[in-house]
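Quick look at what TrEMBL lists:
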- 476-514: domain 'Cationic amino acid transporter C-terminal' (DOMAIN)
- 28-52: transmembrane segment (TRANSMEM)
- 88-105: transmembrane segment (TRANSMEM)
- 117-136: transmembrane segment (TRANSMEM)
- 148-165: transmembrane segment (TRANSMEM)
- 185-204: transmembrane segment (TRANSMEM)
- 233-253: transmembrane segment (TRANSMEM)
- 265-282: transmembrane segment (TRANSMEM)
- 413-434: transmembrane segment (TRANSMEM)
- 446-464: transmembrane segment (TRANSMEM)
- 476-497: transmembrane segment (TRANSMEM)
Amino acid sequence: VCYAEFGVRVPKTTGSAYTYSYVTVGEFVAFFIGWNLILEYLIGTAAGASALSSMFDSLANHTVSRRMADSVGTLNGLGKGKQSYPDLLALVIAVIVTIIVALGVKNSVGFNNVLNVLNLAVWVFIMIAGCFFINGKYWAEGQFLPHGWSGVSMILTLMVPYYAIDTESPLMEMFVARGFYAAKFIVAIGSVAGLTVSLLGSLFPMPRVIYAMAGDGLLFRFLAHVSSYTETPVVACIVSGFLAALLSLLVSLRDLIEMMSIGTLLAYTLVSVCVLLLRYQPESDIDGFVKFLSQEHTKKKEGILAECEKEVCSPVSEGEEFSGPATNTCGAKNLPSLGDNEMLIGKSDKSTYNVNHPNYGTVDVTTGIEADETENIYLIKLKKLIGPRYYTMRIRLGLPGKMDRPTAATGHTATICVLLLFVLMFIFCSFIIFGSDYISEQSWWAVLLVILMVLLISILVFVILQQPENPKKLPYMAPCLPFVPAFAMLVNIYLMLKLSTITWIRFAVWCFVGKQLPVKP
């Protein structure tokens, strides 16, 4: 929901959370988010290709891996065990998908929906069919959660002992272990559908993020080149596809997934932080993002893709409404369209949330009611629950009233509290994970420290709650501020710290490499 609000703040853009951050909170945070989104998409593509390779190998009864090991040989240090073979099949899959993306084939929403329905249907089949083969003895005698909470699956571990799980294709092989061979091919259909969506979902946005960052001078400028033939950022496609293919060839699926997780979780954490920061800032500090998007940012874009985006997605002049279907003058097949914008906003009326409307973000154009006069459903329910004591409680707790507006001072207070909240949550999650032995032994100092940190986190959240929110009305806004973004931060930080040490080292190296890249203002 925080990511969705970020997207609505800066609609019709290339570059996902990177562009949202660049426009709203500045270049430094935007580069950090964009660089980690590239890591997420890069490794997501490699992981998808590697997983598809493992699935095809499993369908062929592991003849592919055996023949590869015999013909190519095995090497040490590939991250797949002491002796492992280079996964040439994964490399070929990654190269094929890269070629498809570079040629400008549009990622059809309908095609993706069909694949997602197939994937979901197979998951339902796995859970229902698996219930007929479960055996409680596999959880007995110390076999329940043998390695803690990380990665444990109920149906899988009740069908196959945890030590006998196939590490390459566990969901397909668990039915084979119980004699249900037909189920293996049913699961394979879902695997192909899900992994194909994952591959396309990673490789389609990655060149666009690279293109946006290169256009802003945060990456090499040649990566922003757009082919006049395919109307795609073809150089970014080739470079990202080559790197993904190389990773899928040499790195294990498990290591790829852990690296992808840390990039994703960090990006979502920063998005949650940014939503908290923006909602409590005065209008003067954030009212320039629409103008920036519609004027300066479009001027900075170069090449055919930028010109097409301007012609297809922007009104002819400021304040002018869309009078009909947009005309794609350059014939680009993969650019944002009016239809995409309608799906994002969730409104068929183009005039309702036009970013060029003078009252966008402040007044509901359909009713003319200011944002502060409209109450969300949660607040209405709370009023009904508490009754007349609601207003008395608000005054005693120091909560802002309807007419209160953020100032520079309250915005500064909210910013300090959010940053302190981030640091404190990091320390809290670190202690919960790495000091769990002391907590489980109920050492007095450990319990006291946990209680103290919980109290400090609660106080910071309450202080943020006391600050007046910006009255800007958006087509979608994250509910229950500041609790939802704060909870998202806590969960994401906890999950990041649960990842292995080597993953953090690799991540630090990735960030260091990004820091050394030339930056042009």
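Here the Cβ of each residue, glycine as well, is placed from N, Cα and C on the backbone.
The largest share of C-beta pairs under 8 angstroms with the transmembrane segment (233-253) comes from 88-105, of the ranges 88-105, 148-165, 185-204, 446-464, 476-497. Note on the transmembrane segment (265-282): residues 2-3, 5-6, 9, 17, 20-21, 24-25, 29, 32-33, 36-37, 40, 405-408, 410-411, 414-415, 418, 422, 464, 467-470, 477-478, 481-482, 485-486, 488-489, 492-493, 495-496 of its chain, located 6 or more positions outside it, place their CB under 8 angstroms from a CB of the stretch. Confidence over the domain 'Cationic amino acid transporter C-terminal' (476-514), given as mean pLDDT on the 0 to 100 scale, stands at 89. With a threshold of 8 Å between CB atoms, the same-chain residues lying at least 6 positions outside the transmembrane segment (476-497) that come near it are 1-2, 4-5, 8, 261-262, 265-266, 268-269, 272-273, 275-276, 279, 345-346, 376, 378, 421-422, 425-426, 428-430, 432-433, 461, 464-465, 469.
Packing against the transmembrane segment (185-204) from elsewhere in the chain are residues 40-42, 44-45, 47-49, 51-52, 55, 59, 93, 97-98, 101, 107, 112, 115-116, 118-119, 121-123, 125-126, 169, 171-172, 175, 237, 240-241, 244: each is 6 or more residues past its ends and has a CB under 8 Å from a CB in it.
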